[in-house]
Amino acid sequence: MINKIHGKVIEKKESSLVLMTTVFEFELLVSAFCLANFKLSDKVELFTYLYARENELKLFGFLNSDERETFKSLIGVSGIGPRAALRVLSNIRYNDFKEAIDREDVELVSKIKGIGKKMAGKMFLHLQGKLLINNELESSLFGFKELEESIVSMGFDRKIVNSKLKEACDLIEFSNLKDSEKEQFLFKEVLKRMSN
């Protein structure tokens, strides 16, 4: 099984990235959140999942192992195929989806395109208590508490700052930044996201 792919983004499509590795070019179907994180020529590392059926072979790419595990859990739900699972992950971040499932937020989940209340109920039944997040983001935030405090002191809401900081940590998880550069990158990235 292909666990990860390291490569350079040579093409961005509507719902996929084309990566050039040392020898091959791979097209990976990705979530909208994953797609938005990269631009052409970026060097990236994506977790992968190979979906193989008799007449179908598709390679999916993910920001981290948690997003991939959420995808795998979703396709385990009767009636949810890989494209529907990717659509879910394009409409709601995997950690927010886990929270919505755990608290049985029918309204939020059923608003996802192609997921009605009946399918949302099936998801709750199948996934509740089974979506485990590795706390990668939380552990990566541990070293940036001072950064969080400094941004909050600028007058921003702590909850929003924390959320944007988690999003930005998604980016540095697979970046080639040195430790000394990460805080500076996060500071700029969080402020940029706060202003959007």
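Including glycine, each Cβ sits where the backbone N, Cα and C put it.
Feature list (source: Swiss-Prot):
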- 1-63: region 'Domain I' (REGION)
- 64-139: region 'Domain II' (REGION)
- 139-196: region 'Domain III' (REGION)
Composition by DSSP (helix, strand, coil) of residues within the region 'Domain II' (64-139): 49 helix, 0 strand, 27 coil
Stretch-averaged pLDDT - the region 'Domain III' (139-196): 74
